[in-house]
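Participant: Sharing a structure here in structure tokens format.
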Amino acid sequence: MADGISSFWGPVTSTTECCEKNYAHSSYIAEFFNTISNIPTILLALIGLVNALRQRFEKRFSVLHISNMILAIGSMLYHATLQHEQQQSDETPMIWEMLLYMYILYSPDWHYRTTMPTFLFLYGGVFAIFHSVLRFDIGFKVHYVILCFLCTPRLYKYYIYTNDIAAKRIAKLYVATLVLGTLCWLCDRFLCKEISRWSINPQGHALWHAFTGFNSYFLNTFLMFCRAQQRGWSPKVAHFMGVLPYVKIEKPKSQ
């Protein structure tokens, strides 16, 4: 939210701003809470990456966790500067990440192994070029929502074909954090005038970041469980420090 304060990064050039006051805490960080709220995403993705590497999951899951971290870092750059170039480092990885989710969800039943990744790679590259030149705003949001909806039928199929109660609980946590995070984003986006009159700003967009950090982790964990089932790796849900769920597998000796 612009307030006319001078800053290290210069005038705001991004096409979207949130309800947090700019440079309220530092002349180097435009939206302080929206910037630091990406840290949980990085930490959770790092935990997921370590688990994927330690148990030798398929590389797609390592790439997925890394993409979560890249997205969070890009978001930090964007909210810290509110510059158009850094906005691309937030929004473009969002699309790339959804394309990766589409690959993980649909590739097990895709008969032509190289067709899907090649198409998705080219699609992501073309989008990045057009988005950097044309600066999509509403179009970007609509595009992102469409990709989310394209993933939904397959994700629901995974859920109904999963009998493990603990895995289903992770899927429910994914839905719950998605709903809560979306509500926070909507309030911050459309009720900013009312919120700005409050004595305390609830930082809805920062809460959105925090919820999506857990949301991504829960989704990744559920997909890792489903893939391990497909591969016959006898997956079980364990808990890190008794709280954070992760997938533990037992590969056959032949693998």
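Including glycine, each Cβ sits where the backbone N, Cα and C put it.
So TrEMBL lists these for the protein:
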- Glu20, Asn22, Glu31: Ca(2+) binding site (BINDING)
- His79, His205, His209: Zn(2+) binding site (BINDING)
- 32-50: transmembrane segment (TRANSMEM)
- 62-82: transmembrane segment (TRANSMEM)
- 119-136: transmembrane segment (TRANSMEM)
- 173-191: transmembrane segment (TRANSMEM)
- 206-226: transmembrane segment (TRANSMEM)
Participant: Same chain, outside the transmembrane segment (119-136) by at least 6, Cβ under 8 Å from its Cβ: which residues?
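Facilitator: Answer is 15, 84, 88, 91-92, 95-96, 99-100, 102-103, 143.
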Participant: Taking pairs 6 or more apart in sequence, does the count of Cβ pairs under 8 Å between the transmembrane segment (32-50) and the transmembrane segment (173-191) hit 3 or more?
Facilitator: no
Participant: Of the binding-site residues Glu20, Asn22, Glu31, which one sits closest to His79 (Zn(2+) binding site) when you measure Cα to Cα?
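Facilitator: That would be Glu31, the closest of Glu20, Asn22, Glu31 to His79 (Zn(2+) binding site).
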Participant: Using a Cβ cut-off of under 8 Å, list the residues of the same chain at least 6 residues beyond the transmembrane segment (206-226) that approach it.
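Facilitator: Residues 20, 33-34, 36-38, 40-45, 47-48, 52, 57, 61, 64-65, 68, 72, 75, 101, 104-105, 158, 162, 164, 167, 170-171, 173-174, 177-178, 180-182, 184-185, 188, 235, 237, 244-247.
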Participant: Looking at the binding-site residues His79, His205, which one has the fewest other Cβ atoms within 10 Å of its own Cβ?
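Facilitator: Checked His79, His205; of these binding-site residues, fewest Cβ neighbours within 10 Å: His205.
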Participant: Hey, for the Zn(2+) site built from His79, His205, His209, who else sits with CB inside 8 A of the CB center?
Facilitator: Cys18, Glu20, Glu31, Phe33, Asn34, Thr35, Ser37, Asn38, Ser75, Ala206, Trp208
